[in-house]
């Protein structure tokens, strides 16, 4: 199956396609991870984006039932240099081709991804249309111009749960080939789901929390009431997709939670929403940070952690007026983590659940528990 690709900078490409046929729109971002493609593809934070893998060959270990970060795939599609013609892993259940087709997503291969990565690095993230139906450049250009801009779409309401649920499994136990059972806990955390990854919930359970997940539009007053009754001891603000500044109501609710002095931890989008709630607007980066090899310095311990990253937006330096900066990214020197002054709130831009990625930042979940 052949596919045609048109980028907003007037670049027109063709390649081979697999998975779902059709016409797809999104923003190109590149990811530098060498492994963990299933976790990356199933991360809800990629909603509305085409993932360009810098790793030359993808698909060699297939896919399995336990490495998904969500039940659905919200990314617009996946682009790679080479697609592995076979897969081999004792946990694998199906090929990447079958996996994408089952989830209704397109995959692109036999494409010069090094060229694309350099283009994104030099020009910033680019809007794109990929089609197996339209082969004419001008028709694709018109279609892209008519499509919605990613910064104007509220993807959070698409990826969030529609109703409350309890999460009762811990992390994957490789020795026993199953997820750990939930521990008995005296501390309960309310997770606001802006697009939460399954392994973040697993880590919260593993560290000793009872976990209840709420939709993105849960009201602060409901959670404040639960906190005052002692039915929850903290609130977790999850990762998620899209432009944080358009989430006006969610930011207002977080401001109420902060004013109530409820212990909170924010990761990725949650980190950005907290900054906006305190009056310090986030900004869009040129091409973001996506990968599992990003060095971050912990300014409190003077140690360097290798972290997993997936974001296009960042908090401003001015946030230091209300928060102590705890972490910095050594690739870009941007703010990576903060501890708010006079509030029991911490947040980080990177992903301490490390799925996929290094395990060096998992202590942050214990720091969250220590706030309570």
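For all residues, glycine too, the Cβ spot is worked out from N, Cα and C.
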Notebook entry, point to check: Can you pick which of 42, 45, 54 Swiss-Prot lists for the same L-glutamine site as 240, 242, 269, 272, 310, 313?
Noted result: 45
Note to self: Please compute the mean pLDDT of the model over the region 'CPSase' (1-184).
What the structure shows: 96
Checklist line | Chain-internal residues near residue 240 (L-glutamine binding site), provided their CB is under 8 angstroms and they sit 6+ positions away | finding: 44, 45, 155, 156, 159, 160, 193, 194, 195, 196, 216, 268, 269, 270
Check: Taking the centroid of the Cβ atoms of 45, 240, 242, 269, 272, 310, 313 (L-glutamine site), which other same-chain residues have Cβ within 8 Å of it?
Finding: 194, 195, 239, 241, 244, 268, 311, 312
Margin query: Counting only residues 6+ away in sequence within the same chain, which have a CB under 8 Å from the CB of residue 242 (L-glutamine binding site)?
Written below: 47, 48, 150, 151, 153, 154, 155, 156, 269
Note to self: To the nearest Å, how far is the Cα of residue 272 (L-glutamine binding site) from the Cα of residue 351 (active site)?
What the structure shows: 13
